[in-house]
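Structure first, then comments.
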Amino acid sequence: MDEKPSARKGPDFCSLRYGLAFIMHFSNFTMITQRVSLSIAIIAMVNSTQHHGLSNASIEGPLVDTLNNPSRSINKFNTGASVYEWSPETQGIIFSSISYGIILTLIPSGYLAGIFGAKQILGAGLLISSLLTLFTPLAADFGVILVIVIRTVQGMAQGMAWTGQFTIWAKWAPPLERSKLTSIAGSGAAFGSFIILCVGGLISQALGWPFIFYIFGSIGCVCCLLWFTVIYDDPMHHPCISAREKEYIVSSLAQQSSSPRRSVPIKAMVRCLPLWAIFTGFFSHFWLCTIIITYLPTYISSVLHVNIRDSGVLSSLPFIAASSCTILGGQLADFLLSRNLLRLINVRKLFSSLGLLLPSLCAVALPFVTSSYITTVILLILIPGTSNLCDSGFIINTLDVAPRYASFLMGISRGFGLIAGIISSTTTGFLISQDSVSGWRNVFFLSAAVNMFGLVFYLKFGQAEIQDWAKERTVTRL
């Protein structure tokens, strides 16, 4: 009978916890656009046609040439903005610097968020990332070293923001609504990727590449203002929450300890196979997702041979599909749980299976359907879309097995994912540089194999019960 407070919880989307989910959606939207903004702007920032010693100069060119040449989609716009002579190797270092920055802070920020409060950690990370985005054009004028430093620090700030979210959800998300709430929040990243790909080139064309950073950096500052004024670490201290909603959240989380922990049981975590199942799932999931995010424009250009007008739309479509599937998957997962149609572990494994198996099948099929434009586009859309069904699987599984350490463990999980992304990007570049046709085939086959390994390991060892080392222990003093 204790599971019935849901009848008194009131309208979902009029509640504070759903307001929190949409604000976090906005935060994830902001961070991903700030992260991807350089990938869009660098086409215009780098002048690959000039070889003289000037580091800054304006470039002009007809728009017609831009539309017919995807490899120079923005750098010929008549914006009068500065350009720089950065080699491809230098650009690679700039791109990877933000990932290294994220790795540096994923674990410590998750731990600190559990101690000092996720509101401060996440808000500070978002604010720092937004300010550094605003200063990126100025940093570029001072030299590439400063750009690399700013991107690394920005990655550290975003690492703080990514992991702090799960400390908040451990206190705000009722067990039967976790998939729904976290999917709404997480879909902001996919939606942000869609928006930046759609409008980034237009902003650069109309206003100049620096305004990509100015606009999305300013949006981040607005999001910070909203964050610090509306968000609280837990429902008990929020001044605007209704008594009914507070009672519903607190009663639904009554079985989980919310008291502060003294230490992190590292040894127990290392020996915990359900945690390794989650880490393996993250590694497999990020392997293929990073390839799609990084190399999708290249694949579209080299295989489908489309111009920039079609390439921009095609590159963005998979991310709007991913955003939609994330939200729909969360709704379906919580529906299955609320109606007692499936046990929690079965829901987690079901969506993990769909999120790893379906994109693998699409990836394996891609090399065999290149002659069909429509089929190739459909498969490219389905890969990130179905992959994001994992958001209702192992992605949020740390909230089930160790809610007290969810933020800390999410940092480790994302660390495994980032490592997978670095390895997969390097491997993909090597394979397609040898031979384009066989290279892409090997890339997709290898990705499917990695996904299958992660899926089998998770199905074997994944659990949804709170682990013994994650439970609150009461010490009686005589």
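Any Cβ shown, glycine's included, is placed from N, Cα and C.
Features reported for this protein in TrEMBL:
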DOMAIN    41-466  domain 'Major facilitator superfamily (MFS) profile'
TRANSMEM  98-118  transmembrane segment
TRANSMEM  124-150  transmembrane segment
TRANSMEM  181-203  transmembrane segment
TRANSMEM  209-232  transmembrane segment
TRANSMEM  272-296  transmembrane segment
TRANSMEM  316-338  transmembrane segment
TRANSMEM  374-396  transmembrane segment
TRANSMEM  408-432  transmembrane segment
TRANSMEM  444-461  transmembrane segment
Count, for each of 98-118, 209-232, 316-338, 374-396, 408-432, the Cβ pairs lying under 8 Å from the transmembrane segment (272-296), and report the range with the highest count. 408-432
Leading contact stretch, 124-150, 209-232, 316-338, 408-432 vs the transmembrane segment (98-118) - CB distance under 8 Å: 408-432
Which of 181-203, 209-232, 316-338, 374-396, 408-432 has the most Cβ pairs closer than 8 Å to the transmembrane segment (124-150)? 209-232
